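Data first, discussion second: the structure below is written as structure tokens.
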Amino acid sequence: MISLNKKLVLLVGVIFHVAFMWSIFDIYFVSPLIHGMKHHQSTATPPAKRLFLIVGDGLRADKAFEKVRHPTTGESEYLAPFLRSKVMSDATFGISHTRMPTESRPGHVALIAGFYEDVSAVTKGWKENPVDFDSVFNQSRHTYSLGSPDILPMFKHGAEDQSRIDAIMYGHDFEDFTKGSIELDAFVFDHLDEIFDKSKTNKTLDDQLRSDKTVFFLHLLGIDTAGHSYRPYSAEYYDNIKYIDENIEKLVDKVNKFYNDDEQTAWVFTADHGMSDWGSHGDGHPDNTRTPLIAWGAGVNKPIPAFEDKGNHDDYSEVWDLPVKRNDVNQADIASLMSYLVGLNYPSNSVGELPLAFVNATSETKALAIRNNALALVEQYLVKEEQQKGSQIIFKPYPPLSDAGKTIDERLAHIDELIAQGLDQESIVASEELMTYAITGLKYLQTYNWLFLRTLVTIGFFGWIAVAFCSYLLAFVVQSDKPFTTSLPLKGVAYVALAILSGFFVFQKSPLHYHLYAVFPVVFWEAVLQRRTAVAEGISILARRSTSKAPALAAILDIGLSLVLLEAIVYGYFHREIFSVCFGLATLWPFVHNFTVAKREWPTTLAWVVMCAIMSSFTLLEVVKVESIEQILLSGALMLVIGLVFTIHLQRKLALAASTVCVLFAQILLVVATMYFTRESVESLTARNGLPLFSQVGGWISLLLSLAVPFLHFLGSDAKDYRLRLLIIFLAFGPTFVILTISWEGFFYVCFFAILVIWIELETQMRDARVTPQTRADLTPGDFRMALFTFFMSQIGFFGIGNIASISSFSLDSVYRLIPVFDPFSMGALLMFKILVPFAVLSACLGILNLKLGVPPSALFSMVLCVSDILTLNFFYLVVDEGSWLDIGTGISHYCIASGLSLFMMVLEYLSGVLVAGVTIAPHVSKIKKDM
């Protein structure tokens, strides 16, 4: 039985949330990756000896095909006339539909390995991280890859024989978002030319280039870089597409001459992902998931003219004016297509289906190729089935592949019989059906243990909620040192349950951390049930402290309203507008709670109503913002005015020391400096002049000093006043919301801070009106409302300026001012810092609210812990692993954020103590000392 000591509970809570946050990956997203399969060759008679895979990173399908108006020349033109001519006369084309996340690593893995990397792979990152599964490159005789150091190494280092893959890369310093992007692609074309030139004097290289099963991979990052920097409707983005098209035309001519027009070359041009209008990708927006696919050369069909059926064109592609049939594929299908064209084994982990519309071959050849494709998928199912059988006490195989007359062997025999009879089309249909069942069978095996694990996780979360509530009652309500008797039968039941669950995991050969899914539920509920008498006493005390004449009815009503608010917050994760409704209702709170006080303290009440109305507007604004230096500077000016006004006010009110005033003015000047450097950076970047070193260094110095200078206040004695402490904190984070914003985020920061300060004053006035000095520290059921307000404000701190999609589609405009060269981890760290600032502000305000109300330290935080995981449980069941990848990614993000916020509230408690250390409140003098 665990102790419910506050510090121990917090420690256990951290471990529990970290362990159970990972539960969705153990349940919904167990990696489908398996090893040990036999390889199956795509075709014994490959139509091509060599293949060129050209990936225009970040190229949208519409920009590749439609006529656009160039923003510089004003002329309407096709950006890729050579590729367009191929589509019209020599190629099969279509749209390749990608999956989320629409990022470079998963996109290239799908293209080259035919495998949709499981979502848990995001923990791997992509730089220098090898793919641990088979790929087209791995099956080739030799692959020449040229391009970005972010993509090439992962395929080379993940190959069985690394000497099989050449990776020719530029340095990371090439990826400077503030400079021209074309030089990235020029590097690729120039170095490919060098390879062919060297072969004239290098017999070994020449023989290698002329061998069969050779793959050339050109990763062209320029389009993506231009799109991030200047948007996909900019001259830079358009010019980069034109540059690529021109150089592909030159390359095709050079290759044909080198190989003496032997017609043994196949070409595939596509993109790993698209690009949204605001210059980002990552989510499931159609502009991100629709990419061009053009294939031509040996083994590829010629275009089919479009007649009455419009050639499969829809409203999206009709404007491209391409009178040929459009053939869409899933991104993973491209790996199967490439394998067929040069006669490679299908990658053993591929789930792609050979797109026969692209294949120029006899019906028998197609039938055999698609049969081999089905065999490769069936091989995965058989290996997976054997693994699952060995870990189950009772195993039930997948019915469509095990029922009489439908076994895999019987289905394959039927396919072979159809081919032998010359019924090629029927055999293709049968092979495609088998592939479908193999994929759904893999899904069946993946989800075999879902019910058991989800039940354990649910019981665990309810157990944690019960433990948090029990700990709160014992620490702040009962406050009794009276020992309680341990129930030995209950302890025995707990041990037996734990032994059974752990034994089951051992039999299944589950990872060691799975045992935590058994330990936490058993330990939590045993601890709570052992203290059931104390819990009942605590609830009784709270009921007696209730101001309601019918405490039971009031408790039911409060619980109901609390659940409504929590469910509204859940809804707000999908529709931010609900937070505006909540703020609208919050304007009524002072009048409903205590009309007399609301009327008497009308200035504070009016300020509350006004700020609620203003805050409600932020969650109605678009989360995708366009850079506006005017709004950035206006919000900075507002911070400046507030800083000056309150510095003067506090100087008069508190007679601040000269040193304190000097430090405050230094903080104000840092806001001014940040505004200046931000303006200089934006103007230079907008003019395409790159980031001036002076502005970059100045921006970094201003940002870092803004976080360091506040500590100078602790050298004096003035910083103990809570009003001064709030001003110090406000000015400390002000520069962050200047240099790391692109639009109205600075206004949100000011308003968020203001409403928290007003809330502190209003809560204090309400409490002063209903308590005596003797009962001031007593917690009542009504205090749970403050905990809910705190939790609600923590959600506003995040959703006030964005949502999940706005993080995945984070605009790089602001980080360019500090980091112009592509560095995803540093850029991501700056983003996370800006996101966390409102939580730090909330933490400080909550610490001061604790002091002003005179309630025990940590009481409000403890109450928040009792309710926060209700959100987590909601999102646990809202996680999906099928449907659109936008839904899948959103579900994962929501669950992790909800669980992370519960975890983060524990961190905020410590941060609160640090931020308000030494603060004193008058007339009820309390003090928090920094607890190390």
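Every residue gets a Cβ built from N, Cα and C, even glycine.
In Swiss-Prot this protein carries:
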- N138: N-linked glycosylation site (CARBOHYD)
- N202: N-linked glycosylation site (CARBOHYD)
- N360: N-linked glycosylation site (CARBOHYD)
- 1-8: topological domain 'Cytoplasmic' (TOPO_DOM)
- 30-456: topological domain 'Lumenal' (TOPO_DOM)
- 478-486: topological domain 'Cytoplasmic' (TOPO_DOM)
- 531-551: topological domain 'Cytoplasmic' (TOPO_DOM)
- 573-577: topological domain 'Lumenal' (TOPO_DOM)
- 599-603: topological domain 'Cytoplasmic' (TOPO_DOM)
- 649-653: topological domain 'Cytoplasmic' (TOPO_DOM)
- 675-696: topological domain 'Lumenal' (TOPO_DOM)
- 718-737: topological domain 'Cytoplasmic' (TOPO_DOM)
- 759-786: topological domain 'Lumenal' (TOPO_DOM)
- 808-828: topological domain 'Cytoplasmic' (TOPO_DOM)
- 850-859: topological domain 'Lumenal' (TOPO_DOM)
- 881-900: topological domain 'Cytoplasmic' (TOPO_DOM)
- 922-932: topological domain 'Lumenal' (TOPO_DOM)
- 9-29: transmembrane segment (TRANSMEM)
- 457-477: transmembrane segment (TRANSMEM)
- 487-507: transmembrane segment (TRANSMEM)
- 510-530: transmembrane segment (TRANSMEM)
- 552-572: transmembrane segment (TRANSMEM)
- 578-598: transmembrane segment (TRANSMEM)
- 604-624: transmembrane segment (TRANSMEM)
- 628-648: transmembrane segment (TRANSMEM)
- 654-674: transmembrane segment (TRANSMEM)
- 697-717: transmembrane segment (TRANSMEM)
- 787-807: transmembrane segment (TRANSMEM)
- 829-849: transmembrane segment (TRANSMEM)
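Between the glycosylation sites N138, N202, N360, N138 has the most other Cβ atoms inside 10 Å of its own Cβ, all protein chains included. Residue counts for the topological domain 'Cytoplasmic' (599-603) under DSSP (helix as H, G, I; strand as E, B; rest coil) come to 4 helix, 0 strand, 1 coil. The transmembrane segment (457-477) and the transmembrane segment (510-530) are in contact, since at least 3 Cβ pairs between them lie under 8 Å (pairs 6 or more apart in sequence). DSSP classifies N138 (N-linked glycosylation site) as helix under the three-state reduction. Under 8 Å from some Cβ of the transmembrane segment (654-674) lie the Cβ atoms of residues 636, 639-640, 643-644, 647, 698-699, 702-703, 705-706, 709-710, 712-713, 715-719, 721, 723-724, 727-728, 731-732, 734-735, 738-739, all in the same chain and six or more residues away from its ends. Taken through DSSP, the topological domain 'Cytoplasmic' (718-737) splits into 17 helix, 1 strand, 2 coil. Annotated pair N138 (N-linked glycosylation site) and N202 (N-linked glycosylation site), C-alpha to C-alpha distance, rounded: 24 Å.
Highlighted: of the candidate stretches 487-507, 510-530, 578-598, 604-624, 628-648, 510-530 has the greatest count of Cβ pairs under 8 Å to the transmembrane segment (9-29). Outside the transmembrane segment (578-598), and at least 6 residues removed from its termini, the chain residues within Cβ reach (under 8 Å) are 565, 568-569, 571-572, 605, 608-609, 612-613, 615-617, 619-620, 762, 765-766, 769-770, 792, 795-796, 799-800. Summarising model confidence by region, the topological domain 'Cytoplasmic' (808-828) averages a pLDDT of 72.
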